[in-house]
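The domain 'SET' annotation in TrEMBL covers 93-210. For 216-232, the entry in TrEMBL reads domain 'Post-SET'.
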Amino acid sequence: TSFSTPKKKKRDDGMREHVTGCARSEGYYKIDKKDKLKYLNNSRAFAEEPPADTQVRNPECQVRSEQRRLLSSFTGSCDSDLLKFNQLKFRKKKLKFCKSHIHDWGLFAMEPIAADEMVIEYVGQNIRQVIADMREKRYEDEGIGSSYMFRVDHDTIIDATKCGNFARFINHSCNPNCYAKVITVESQKKIVIYSKQHINVNEEITYDYKFPIEDVKIPCLCGSENCRGTLN
């Protein structure tokens, strides 16, 4: 049985027309320089003269372009907590913890922070009040002097004692440069520390703990001019 080589046909644009319908089935063949030049010239002419209805023929590019413009205008005009929180996730503030003159460890800024910026999220385990009471007693029995529990609402408390981030090192101050705020992201409440004013490099991050008033007082060591003397 003998196999005959398909007859080569050429189109007007210089490209070879494959009889079998597939270039791979016809093996290797050399393209004449004249045909190659003719094809390249036709390609350049097509590239220089795009059709007038390009936007209509490629609607996906048009939609993506409109989405980018919409997002750009939204970013420039919107100042929502959700947008700020997303920005905080992708570009975290440069912070460090080291010894504090207020109490033990503290959190310090490693870059200038403008006013009304999200500084850091208070991260920990979300637990109920009954669990918080049990853990607080257990921490006392274990000799853990500091408790890092932050109340979100009447039913939920964030426990960062053994599972948290740098936010748990933020000390109390009666004249703080930050404040805590509860925001809702994807139906979940979160605690985020905001800056009240401009914060310089190496300045300690502080906020008011706002402990409830109790008979047994906890002394405050913030050292500010308007110090209340106690945390509660």
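Positions of Cβ are set from backbone N, Cα and C atoms, glycine also.
No curator has checked TrEMBL annotations; they are predicted automatically.
The average per-residue pLDDT of the prediction over the domain 'Post-SET' (216-232) is 88, rounded to a whole number. With helix defined as DSSP H, G or I and strand as E or B, the domain 'SET' (93-210) counts 18 helix, 50 strand, 50 coil.
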